[in-house]
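A.B. asks: Before I ask anything, let me first share the structure, which is written out below as structure tokens.
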């Protein structure tokens, strides 16, 4: 309680003094602030931010977008202090960005100036009419887009000629003004807008006709109502306004066509012609002599739209006349386009086609019109085109991605009549493979693409004209994927060596290309003495220099596509360091800001003190209530036992605080009988002991395992496990002898403990005496051999008493993690309960202070997996420094069988003790120079063997070694250990050079394991006599798996046959 009060007072002082120590502590200032930018949509953008402080590593950076903290994903992420946005979107990323630099020591925050991000895009353009009369024509180019800080470029075109400010034409930004327009200004007006995002033309232009503007008149005439004959006298001086209907067309008042002007002959009613042949449409006309000087136009229309026209009478300098009965023509009413195939003959009005194409089919009509008069129309004629049989477009070869759900290859044929499309494989009249079909449109559909779909496919199109075919090649490829992507941002010291991994899989085999800051790297443009491009794609840089710092990108690609990942390399130079500085505040507002800061700080500190005092009172009340309950329970128990228990625990109250994992079992040992009296009220201190149900003598057992921390020496870290670091070191010989003596005492204590607990204990504690009897009866499958081995061990132990013992030390760092503590106790109980040659020995437990140390037996050759890799030539030496540097020869089949047999014996001992291992693999076994293999439990899941573990349901699991029921239901039994043992034998015959199912990702392994579709096969070098029993180890049904005794018998028989 006193410590808590002192801690609260210190915290209050720190909070109170925080506003006055900003200048001399770890305050920060920006040396690089983010700048406002305009980015083209779908491009990437980087906002740079850098602050300095003392020390320089005391900063944490955050980014705000429009006042809200950014949630990072694959598109928006932070690289160091900088913010990177991939594929900018105008709907999500536009706005204000602020960089926040926060000191981790003082909590002070500094915000950078706001940087604005604007997106440049360009969607569409259209021409709008703002005004049109006899004096001027005003058009506007309306653009859907944005150009940021740059101006939008607008270009105007009349027909196909580009316009500029000249004579009566003025261009002002988006507007076009034509002053005093004449017939020479007639035409189709379009605009083109362009910026950094691209260039777009208006989809619809504006057609201006000067003659129509002059002759247009309103058809709205003033008239009286039906029941009104006279105007009221009061209306004599009124002004009446006549308006046309809003949105309607204003038509010109046209006179009937003059006599004598007529069409003599129009096009035929039905004309049928083959595609590619010439065609002629007739239109004979007569013009009287008195009308020769009038302006008369001959027009051809297709499907109601103007196609061609020509002036027959007096010609104007320029213009299109007055087509379409006085209505203005826009893009929808005209088909005027440059086409050399179409020729309109002025002499006889004939429209001729050089070669007919399919799009020429339609309804044609000839029209004759005199200026200011109604048009004369011929009867329509239908042009029908017999289209040639052809592919539109031609089918092309294609690469299909393996395992794609659906892939399509199109084959579209056109012709008259409509052709029928068929597909064949490797020639004509051959059937298509499975999961390949053809739809009604002639599209070839592949479902669940696999390697059997490779080949040549022929598309055959037939109709009455004949048949045509096209052959395409279908290749099944695997898109490139990163098997080992580049590392996350790395920091490396100058003149050291860095390895940036980049490995890829795919079919065809992907090529790997490195670049630095978007500049390609190769052996020609790099220092070959420092840069090495390994065969698997990894980039190695030796003797790192300051100029090597940057962004390294790895691009993988094959015919199926490209993928790219980046890694940021930061080089720490010897001169790197932070200089102290003092932040100067303005003198004008300094006093007010300081006063406000002090008031806020004192208010927060006062509220915090009130909260702490309240918690202290509540904790004191809880502790007194708990003591009262414990005293009440102690009175009900035997008096002598109560006094002894209190003396063992209350005498050292700090021990339980320092030992959160094992101290609970001590208290349970004192109050062990309270669990059987049926009292529903149980204290918080016994919660963990209720789950473990250890005996009340467990404290005495742990005391027998106690080892002084000073007995350990030469500790070298070899990795990190799930609950702490793992070391290799040496244990004094005297402590090893004491541990061997304590083993005998612990066996007696176990029997005594079981007799006291009776039948009310758990399965693990009640069977210890039975286990010892079985161990002494020597009735298991390896009893006879163990008798001989024990004699050899006694001789070896006498020789080793004079030298220190090589040990493995597992540290429990996560003392507050209940799950880690539970697993620590499980491994401790497992190794403490077993005494077998195939299992590593438990020498003791160091629990004087945090972290706890679990001291286990270790061997001179280290873990089995590294030994297998060394014999396969994959590594140079074994794990430990004491191992020999002489290359090891490859293992023979007899040696592999011997290793598997020893592991089976050790696992059979675990089974007979009614324990499960849960992580059996070659990495968790050790081997000595005497070729003795023992089952151990390093479990280096955090670094060395992190690839062999996967986080599933908030736990790191070796999913490639686990049975399906372990992944689905978290159910571990001896049968699940047998499943893992089958994988271990697979590793042994493969020399541990491969991962099980290395062609599948971890997620795919989990999915197939849960579906029961994960297929296992034995290694190629496995003896025939073992294949059947090893395959049964991987049975989905646990009851169909063999026992370890059966596996040991099969291995023993195979060893005899191999000899």
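Here the Cβ of each residue, glycine as well, is placed from N, Cα and C on the backbone.
Swiss-Prot lists 28-112 with the feature domain 'Ig-like C2-type 1'. The feature disulfide bond is assigned by Swiss-Prot to 49-99, 141-191, 283-366, 411-459, 502-554, with sequence analysis given as support. The domain 'Ig-like C2-type 2' feature in Swiss-Prot is assigned to 113-202. Here Swiss-Prot flags 258-377 as domain 'Ig-like C2-type 3'. Taken from Swiss-Prot, the feature domain 'Ig-like C2-type 4' covers 380-475. What Swiss-Prot records for 480-570 is domain 'Ig-like C2-type 5', and it gives sequence analysis as the kind of evidence. Marked as region 'Disordered' by Swiss-Prot: 639-695, 739-781. The phosphoserine annotation in Swiss-Prot covers 698. Annotation comment: Swiss-Prot describes 712-1055 as domain 'Protein kinase'.
Can you tell me where each of these features sits in the structure?
C.D. replies: Applying an 8 A CB threshold to same-chain residues 6+ apart, the list for residue 49 (disulfide bond) reads 30, 32, 33, 34, 61, 63, 81, 82, 83, 99, 101, 112.
Per-class residue totals from DSSP over the domain 'Ig-like C2-type 2' (113-202), listed helix then strand then coil: 3 helix, 60 strand, 27 coil.
Residue 283 (disulfide bond) falls within neither a helix nor a strand when secondary structure is assigned with DSSP, and so counts as coil.
Helix, strand and coil residue tallies for the domain 'Ig-like C2-type 4' (380-475), in that order: 3 helix, 50 strand, 43 coil [DSSP].
For residue 411 (disulfide bond), other Cβ atoms within 10 Å of its Cβ number 24.
DSSP places the residues of the domain 'Ig-like C2-type 5' (480-570) in helix, strand and coil in these numbers: 3 helix, 50 strand, 38 coil.
Cβ-based neighbour count (10 Å, all protein chains) for residue 554 (disulfide bond) stands at 25.
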A.B. asks: By CA-CA distance, flag whichever of 283, 366, 411, 459, 554 among the disulfide-bonded residues is nearest to residue 141 (disulfide bond).
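C.D. replies: Minimum Cα distance from residue 141 (disulfide bond) across 283, 366, 411, 459, 554 lands on 366.
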A.B. asks: Mean pLDDT, the domain 'Ig-like C2-type 4' (380-475)?
C.D. replies: 88
A.B. asks: Between residue 283 (disulfide bond) and residue 411 (disulfide bond), how many Å separate their Cα atoms?
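C.D. replies: So the alpha carbons of residue 283 (disulfide bond) and residue 411 (disulfide bond) sit roughly 41 Å from each other.
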A.B. asks: List only the single closest residue to residue 366 (disulfide bond), chosen from the disulfide-bonded residues 459, 502, 554 by CA-CA distance.
C.D. replies: 459
A.B. asks: Give the distance between the Cα atoms of residue 459 (disulfide bond) and residue 191 (disulfide bond), rounded to the nearest whole Å.
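C.D. replies: The separation of the Cα atoms works out to 44 Å.
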A.B. asks: Between residue 554 (disulfide bond) and residue 411 (disulfide bond), how far is it from one CA atom to the other, in Å?
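C.D. replies: Computed Cα spacing between residue 554 (disulfide bond) and residue 411 (disulfide bond) is 38 Å.
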A.B. asks: How many other Cβ atoms sit within 10 Å of the Cβ of residue 502 (disulfide bond)?
C.D. replies: 26
A.B. asks: Per DSSP, to which secondary structure element type does residue 99 (disulfide bond) belong, with helix, strand and coil as the options?
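C.D. replies: Strand, per DSSP.
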A.B. asks: Have a look at the disulfide-bonded residues (99, 141, 191, 459) and report the one with the fewest Cβ neighbours inside 10 Å.
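C.D. replies: Result for the disulfide-bonded residues 99, 141, 191, 459: minimum number of other Cβ atoms within 10 Å at 141.
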A.B. asks: Using C-alpha atoms only, work out the spacing between residue 502 (disulfide bond) and residue 411 (disulfide bond) and round it to an integer in Å.
C.D. replies: 40
